[in-house]
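Working notes for the structure below.
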């Protein structure tokens, strides 16, 4: 079947829109679909996403499509950019409408709610084995990407040709550098764990602990990510790249990060509900914390920072008490995986 579009993007929030803008700016005909028909009609009329990325105009190659069937019929390349807790639901909706030659990539960062499973497992459960899968991950704030500011990400998947094609679609010498990676598991994991550590970094700054404490959290958070990755068979080298250290540093140090701002509010004394309301958008790290904690427990992986953040978010512990418990842990030697 011939493509009438080069790629279809499912998810018209800030990140999905930003990726669609970037793809269309490369000259690729891009369809953007979202679940809310009213929102999609507004996007089509305004030719920008005023709700999430105000005043960033859509390129001519970007087309809005409110009909999921039409969006999926237009291209065999499907980029899913929805919150992790609805990832499986969106795939279920898409499944009967997918083309036989469809190839699925996602930029969703997180794990399956309640189970802590990787999104590749969710995708396989829903879609079966017939479709090539891939993931995009790395240090990207939607606004900067949409504005065309220099950005770098990584892509990995189950099919080398699909990975190569995605690099060609996404890469732009002027705005976006894309690195191919062969660690499908590692790229998915990095995007989930960094959200958790960013909440911790925000809490630390909200309390007023300073740059030393924030840097320690980032560094030891990277150790926790690496431990968990090793338990799942991921490459440790991945976590020194865009989807590991890169995304971790970005999310922990800049207030464009919703997860960091959420943590800041908690550190300043807000309760969880109030802190979430202050952000006004999905805070992926809230659910990610429970998912990562569940996965670590199941695998027997020690993740003390993640555990303390889980206790703050779900068991009512104060951020100050969580910090005290981390500082009071038994002394140990520093090694790459401790």
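Every residue gets a Cβ built from N, Cα and C, even glycine.
Among 70, 109, 317, 324, the residue that Swiss-Prot places alongside 14, 15, 35, 142, 258, 282, 284 at the NADPH binding site is 109. When the candidates 47, 174, 194, 297 are compared with the sn-glycerol 3-phosphate site entry in Swiss-Prot, which names 109, 138, 140, 247, 257, 258, 259, the shared residue is 194. Over all protein chains present, the Cβ of residue 284 (NADPH binding site) has 25 other Cβ atoms lying within 10 Å.
Here the Cβ of residue 14 (NADPH binding site) has 21 other Cβ atoms within 10 Å, regardless of which shown protein chain they belong to. For residue 109 (NADPH binding site), the same-chain residues lying six or more positions away in sequence with a CB closer than 8 A to its CB are 84, 137, 191, 192, 194, 195, 284, 288. Rounded to the nearest whole angstrom, the C-alpha distance between residue 282 (NADPH binding site) and residue 140 (sn-glycerol 3-phosphate binding site) is 16.
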